[in-house]
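What follows is a short report on a single structure.
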There are 6 protein chains.
Amino acid sequence: MSNQQLTHIDETGAARMVDVGEKPHTERVALAESFIRMQPATLALILSGGHKKGDVLAVARVAGIMAAKKTWDLIPMCHPLLLTKVAVTLTPDEQNHGIHILAECRLSGQTGVEMEALTAASVAALTLYDMCKAVDRGMVIEYTRLLEKHGGKTGSWVR
Amino acid sequence: MSNQQLTHIDETGAARMVDVGEKPHTERVALAESFIRMQPATLALILSGGHKKGDVLAVARVAGIMAAKKTWDLIPMCHPLLLTKVAVTLTPDEQNHGIHILAECRLSGQTGVEMEALTAASVAALTLYDMCKAVDRGMVIEYTRLLEKHGGKTGSWVR
Amino acid sequence: MSNQQLTHIDETGAARMVDVGEKPHTERVALAESFIRMQPATLALILSGGHKKGDVLAVARVAGIMAAKKTWDLIPMCHPLLLTKVAVTLTPDEQNHGIHILAECRLSGQTGVEMEALTAASVAALTLYDMCKAVDRGMVIEYTRLLEKHGGKTGSWVR
Amino acid sequence: MSNQQLTHIDETGAARMVDVGEKPHTERVALAESFIRMQPATLALILSGGHKKGDVLAVARVAGIMAAKKTWDLIPMCHPLLLTKVAVTLTPDEQNHGIHILAECRLSGQTGVEMEALTAASVAALTLYDMCKAVDRGMVIEYTRLLEKHGGKTGSWVR
Amino acid sequence: MSNQQLTHIDETGAARMVDVGEKPHTERVALAESFIRMQPATLALILSGGHKKGDVLAVARVAGIMAAKKTWDLIPMCHPLLLTKVAVTLTPDEQNHGIHILAECRLSGQTGVEMEALTAASVAALTLYDMCKAVDRGMVIEYTRLLEKHGGKTGSWVR
Amino acid sequence: MSNQQLTHIDETGAARMVDVGEKPHTERVALAESFIRMQPATLALILSGGHKKGDVLAVARVAGIMAAKKTWDLIPMCHPLLLTKVAVTLTPDEQNHGIHILAECRLSGQTGVEMEALTAASVAALTLYDMCKAVDRGMVIEYTRLLEKHGGKTGSWVR
């Protein structure tokens, strides 16, 4: 692999926001996931209240959506872009004692939206940690990873 | 466990930024860690260039530090606070094919800095993903978790 | 009315940033207004100084324009967009003891700019409150509302 | 009233962020309210779904809380400050066809939190507008105003 | 000079936000200046309109004040802090064909406010460039520098 | 020159974000430069450490790139836009005792990117000041200016 394969690094080793001006505008979509493991009692606490506890999941969902829009301001070499869709789905998993987070981002543009989906999933997970840390400081965000992406020169990628 | 144990949720189930006005000002410190696993060739690419590649790690370090300062704007119920120290240490782990991230945050104040340390570690990991994704889209952030925290009413917690 | 009419809520009741990727790019414009009522003496104070007091209105105008650009970061389900024009007009109304705010936003894109115009008007009004609150804490922002919008699938709407 | 009573304007008419360095640190609290009027059918739509619609109110609540923390970045002459509490309460009012918003902010510091409470109420109202505008573009934010504030040199003020 | 004198760089050469937790809280003040040179006709254009042109200077003043509050978000290793005063003074200099900018920042805290004053002066100068660039693209920001600072362990420094 | 030549000021003297909706989408590029002069010993300190000191330049580079993306939020009348490339090149100049900063911004759009390039250069220079101020408070940013711009109705401009 040559030096140039790290596209954000130029031939002198300096970071740059790579030029995407020549790339075509195509439909882009990315799906990312994260999982936060917790004590069974913590999960029960989130779920037991029924709609009264709805805000825990709602707050994490909103945080993930808003974070996707801030990705360009968090990840130094990310391009600003115009997301046309962001959805964050939170699924309690009682068997594995945790909450699964799925983030989907879409746009039509010159750059992919993998970072936006990964950022949405990460921040939703961090928000769940924040909402529950008073009762369970040992929660772990067990993985954050890209599931699939479509569009752009490199086409589709599926884990 | 009672409803009240989720401190960010009031008795009606609504989210709120909990009142910390009565809490004492104490020295707070938190350490969090994250690990991003990648292809051996990807890690070699980051490390092979010597100082020329230094920017990959430097960019991730800067991104993590800057993200710690934005935590209040990312995590909805987090309080604004005045961090007195943020350090992000990146350690390549050739045996496990990845980079280990350690984030430390400190302040003297009324709220803990666990979320700041976790956010710094997460965003540093996401930045590494962004810098290398052109060559290795399958990288996984394998865990993000609190290592220890000190200060405040609940005192010390060590994993 | 069906559940689906609240476009930012999906069929499970969860909030999402709705997909606008299929919408055509059209010219969009929105006008919104707000009115802040104050003591006659407060209004006189703003107006009496002639150009020396010009900064009160200038600061509110700048604040409204800058806020329009931040709408995507304030309103959780708003899409990021590329405003091509923002203008905020402040008109003292000595008869009704207040200042009328008119905000106009424009772009060519896939989403409307109603929220941007409403946000500009609201923040300009809040800024006037801030500039004058030391002499008149009882000021009231009496209304904030859309006046008209044009463009997009639903076409024109005029109050 | 003299020129100097507009504290954010200096003797030449120029805006400035006034020096609060000499002010004592005191407990501050402010309550602000806003009311958004809508079609009865719109309110019914928000309320009919039971917990499934909970996200409309939850998103507005989160938006208000997050906006309070951004007040220093929205209102040009506001000081940065460390809010210790933000709560936003949304109460559907079926008689008056709308939703009442109550925002409470607290801190111990050198400046009041009136602007933070007013900003929280305004942005929560704007978010409700955004969530429902597809079915009811004519909604009006009928008033936004301070209800009471306590602390600081001027002490308590109650509408 | 030893390696350690660059306080933001640790012994391994890595950047960090240095720990100021042990520093005493003292009164801090910093003054910075900048000068933007332009065509005589450009300066005349700004000044000729009397109060009607007041907005050029007012917008630059507001931009400088708001930028001071964002310094922590612009300069990676800067600490967040609570400015108690920001003032930006713009003085047209017809002899030297330009506008002189003086920025003053104050707080009581553990870190100095030099960067805040320099950032305020820089952004005010950039804003003047933006407001006038359509008629004079060759304007030059001729210098930006610290004039004096007081407070903290190193005490006073005057150019 | 007529009043209208200051495009961000309307016929009443009020600031506005000028309408660019009618402008064509063209390729835009801008180059700006800045120079920060320092003590010879300060420059030696930055350069002496070899790769270990690499972070000083890397942090300034990252700060400049990130600031370019925030230009719309710093300069009140700037339009939001979608930068396709940002590069910041730092060149130590031992003869003149300082570091030269060159910033390049590109996009295809309706507005030029001069302000983005100037902002990137300014913030990179400010960051160098911040990293070295503990050893050399007298550093001066000696000039910040546009070098060239291409694209748009006014075509090319070269200093």
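For all residues, glycine too, the Cβ spot is worked out from N, Cα and C.
Copied over from TrEMBL:
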type: DOMAIN; residues: A:17-152; note: domain 'Molybdopterin cofactor biosynthesis C (MoaC)'
type: BINDING; residues: A:M77, A:C78, A:H79, A:M115, A:E116; note: substrate binding site
type: ACT_SITE; residues: A:D130; note: active site
Rounded Cα separation (Å) that holds between the residue listed as 'active site' and A:C78 (substrate binding site):
26
Give the sequence-ordered list of residues that share a chain with A:H79 (substrate binding site), lie 6 or more positions from it, and have CB atoms under 8 Å from its CB.
A:M17, A:V20, A:W72, A:Q110, A:T111
By the DSSP assignment reduced to helix, strand and coil, which category contains A:H79 (substrate binding site)?
coil
When each of the recorded positions A:M77, A:C78, A:H79, A:M115, A:E116, A:D130 is checked against chain B, which show a C-beta distance below 8 angstroms?
A:M77, A:C78, A:M115, A:D130
Of the residues in the domain 'Molybdopterin cofactor biosynthesis C (MoaC)' (A:17-152), how many are helix, strand and coil by DSSP?
52 helix, 45 strand, 39 coil
The domain 'Molybdopterin cofactor biosynthesis C (MoaC)' (A:17-152) [mean pLDDT, rounded to integer]:
94
Under 8 Å Cβ to Cβ from A:E116 (substrate binding site), same chain, six or more residues apart: give me those in sequence order, or none if nothing qualifies.
A:A30, A:A68, A:K69, A:T71, A:L81, A:L83, A:V86, A:C105
Substrate site span - longest C-alpha distance across A:M77, A:C78, A:H79, A:M115, A:E116, in Å:
13
Tell me the Cβ neighbour count for A:M77 (substrate binding site), meaning other Cβ atoms within 10 Å of its Cβ, over all protein chains shown.
23
Which ones, out of the binding-site residues A:M77, A:H79, A:E116, lie near enough to chain F that their C-beta is under 8 angstroms from one of its C-beta atoms?
A:M77, A:H79
